[in-house]
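Per TrEMBL, active site, acyl-thioester intermediate is recorded for B:Cys132. The active site, proton acceptor feature in TrEMBL is assigned to B:His252. Annotation comment: TrEMBL describes B:Thr15, B:Gly16, B:Ala17, B:Val18, B:Arg43, B:Ser44, B:Ser162, B:Gly163, B:Asn326 as NADP(+) binding site. TrEMBL lists B:Arg103 with the feature phosphate binding site. Per TrEMBL, substrate binding site is recorded for B:Gln159, B:Arg245. Taken from TrEMBL, the feature domain 'Semialdehyde dehydrogenase NAD-binding' applies to B:8-123.
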Number of protein chains: 2
Amino acid sequence: MSERKGYRVAVVGATGAVGQQMIQTLENRDFPVSELLLLSSSRSAGTKVEYKGKEITVQEAKPESFEGVDIALFSAGGSVSKELAPEAVKRGAIVVDNTSAFRMDENTPLVVPEVNEEDLHSHNGIIANPNCSTIQMVVALEPLRKKFGLEKIIVSTYQAVSGAGAAAVEELEEQTQAILNGEEYEPKILPVKSADKHYQIAFNAIPQIDTFVDNGFTYEEMKMINETKKIMHMPGLQVAATCVRLPVGTGHSESVYIEIGQDGVSAAEVKELLADAPGVVLQDDPDQQLYPMPAFCVGKNDVFVGRIRKDIDNDKGFHMWVVSDNLLKGAAWNSVQIAESLVKLGLVK
Amino acid sequence: MSERKGYRVAVVGATGAVGQQMIQTLENRDFPVSELLLLSSSRSAGTKVEYKGKEITVQEAKPESFEGVDIALFSAGGSVSKELAPEAVKRGAIVVDNTSAFRMDENTPLVVPEVNEEDLHSHNGIIANPNCSTIQMVVALEPLRKKFGLEKIIVSTYQAVSGAGAAAVEELEEQTQAILNGEEYEPKILPVKSADKHYQIAFNAIPQIDTFVDNGFTYEEMKMINETKKIMHMPGLQVAATCVRLPVGTGHSESVYIEIGQDGVSAAEVKELLADAPGVVLQDDPDQQLYPMPAFCVGKNDVFVGRIRKDIDNDKGFHMWVVSDNLLKGAAWNSVQIAESLVKLGLVK
């Protein structure tokens, strides 16, 4: 492995919000790329994208595109992944897939490197990248789980519109301007583009992300519940989520309540542990009004944690506020980080 | 009582965001007012305010202003209430106080009519109106407490800027426009006007409302905790809160998790109960994407409840989403409603 100068990397969905961040992150991290192949739907093929000062023309993604590819980062929607990821694997590539297509497949590891990097060893060609809101939460909670045990999570999210794609960001901006001008603006994208009804997001909060499941939870909420259990290898962990979309461009926030497995732990001990945790930046000083906020996390790879408090009634209970850039640690950076781990562990052929 | 044609009503803080809503609500409810006295600081005195088509000149609030007043609605800040509410009582008025000055005073009832109207009987001249975020939560939870018992509440709030006054609404609008224009804008009001640091609220979420207490919670969070226990007469109730300010003009939302005192209750039973609950409008139909949202609650007196789900792990656990106009049920309407209850119960001399 150490002889390799670089890898042939493909980005599928290269023109999307996450795809663009993937390309930027590969460049920022100076990932050992010998050749970068940018793929998309036929509609976006032909677009030119800059990588390390050179223009690369985006090509239509086809099964044959993956001949000779070492690592393929997918972020072009679940149906594209279902069709093309197995084709890429068949041709010898390792796929890191940022859609929900394979996340709960029992033969596919679902990986956040700070939490379960070792699961990469059991891959069968595809590694799934978890949902954005799940990733930042498990990065913050893993150090606590390891040291004190973890029994219960109740999370309420404050999610940015970029999680619904570039069109949702545009909708937020145009709609906000229209409302400030006192003009009408017909919502067309949020909360779910394909849904029957669309609602105003500007100066509003929409308690729906993704569509509904029979139990009254949304798919987004069930993703947080099921993916957290899988990543932490804790099928018995109690997890509940309420997911809400806010008029924020980028940066997901989460109000997280947990019950750990140990009595007598102080908030100070939790803070101390998180101050040294991988991928975490502790921002917690009420006297200095220091706490994480989405507007100040954009463009950063870290998960920011603050407002850490011990529950008043439950000795095992703690509250915290967790913020991260949903396009980076929530998507592009976690995918590239998985690729870095694969290289480090010698798992790329 | 039934012979009285009307009451001499004073509104203290008549030019503020809540004071304005109080005057409007007295008019909308056709409250039996024989004379309306509008009071304010010396700074705002002289302002003219319309009530039932007539202009009333706002006067400076002084102890003597309350001579002959039957009911005084206060919403001019805690220090004004501390100074002038006892003066009004001394002169025979009943005070409904919308500040935090007397809320936790053990001789002062803290009242939400749908929950503890009977506490009005024990008043000593002053009745406290609870914090906005507390009111809408207890209206939604009281029917459940009565029928099934209530053991635990964990709430995360999504609060509008109008809770911080008219200047905060202006800041949100001007700052949003500046950001859309790519211009600089120095925050001066939020999260707390008197605090050292001010942060951008546009396209952001600020996990601080009011200042911090030693235990790491904010005063706003402690208000929700302590006031809920007092209103429900449940000193042993477990309550925890995380309060967050959003770029929303008016309308507070809350993600509420509760544990009731009974096993085997279904989400359908909870919905059925809330569909008939006083002050509550049930908006809960995932198939129709029906759930409450702050943008659609403005100007309405009700508390809107939806997204009701049974917890997946805990048979006593339920999740819900509670939305209300923070200036109305959260402040002005609850105050006027208390005045209506006082009249109904024959408690106004």
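Glycine is no exception: its Cβ is also placed from the backbone N, Cα and C atoms.
Curation does not apply to TrEMBL; its annotations are automatic.
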Per-state residue totals over the domain 'Semialdehyde dehydrogenase NAD-binding' (B:8-123) - DSSP helix, strand, coil: 39 helix, 32 strand, 45 coil
The one of B:Arg43, B:Arg103, B:Arg245, B:His252 whose CB sees the fewest other CB atoms within 10 Å, among these recorded positions: B:Arg43
Binding-site residues listed as B:Thr15, B:Ser162, B:Asn326, least Cβ neighbours within 10 Å: B:Thr15
Between B:Arg245 (substrate binding site) and the residue listed as 'active site, proton acceptor', the C-alpha gap once rounded to whole angstrom: 9
Site of maximum Cβ density within 10 Å, from recorded positions B:Ala17, B:Cys132: B:Cys132
For B:Gln159 (substrate binding site), the number of other Cβ atoms found within 10 Å of its own Cβ: 26
Distance [Cα-Cα, Å, rounded] between B:Thr15 (NADP(+) binding site) and B:Cys132 (active site, acyl-thioester intermediate): 19
Distance [Cα-Cα, Å, rounded] between the residue listed as 'active site, acyl-thioester intermediate' and B:Gln159 (substrate binding site): 10
Integer Å distance between the CA atoms belonging to the residue listed as 'phosphate binding site' and B:Ser162 (NADP(+) binding site): 21
Top Cα neighbour of B:Arg103 (phosphate binding site) in the set of recorded positions B:Ala17, B:Arg43, B:His252, B:Asn326: B:Asn326
Secondary-structure category, per DSSP, in which the residue listed as 'active site, proton acceptor' falls: strand
Rounded inter-Cα distance in Å - B:Ala17 (NADP(+) binding site), the residue listed as 'active site, proton acceptor': 15
10 Å Cα neighbourhood of B:His252 (active site, proton acceptor): matching binding-site residues from B:Arg43, B:Gln159, B:Asn326: B:Gln159, B:Asn326
DSSP state at B:Cys132 (active site, acyl-thioester intermediate), helix/strand/coil: helix
Helix, strand or coil at B:Ser162 (NADP(+) binding site) [DSSP, three-state]: helix
Among the NADP(+)-binding set B:Thr15, B:Gly16, B:Ala17, B:Val18, B:Arg43, B:Ser44, B:Ser162, B:Gly163, B:Asn326, as the record gives it, the longest Cα-Cα distance in Å: 26
Taken over the domain 'Semialdehyde dehydrogenase NAD-binding' (B:8-123), the model's mean pLDDT: 97
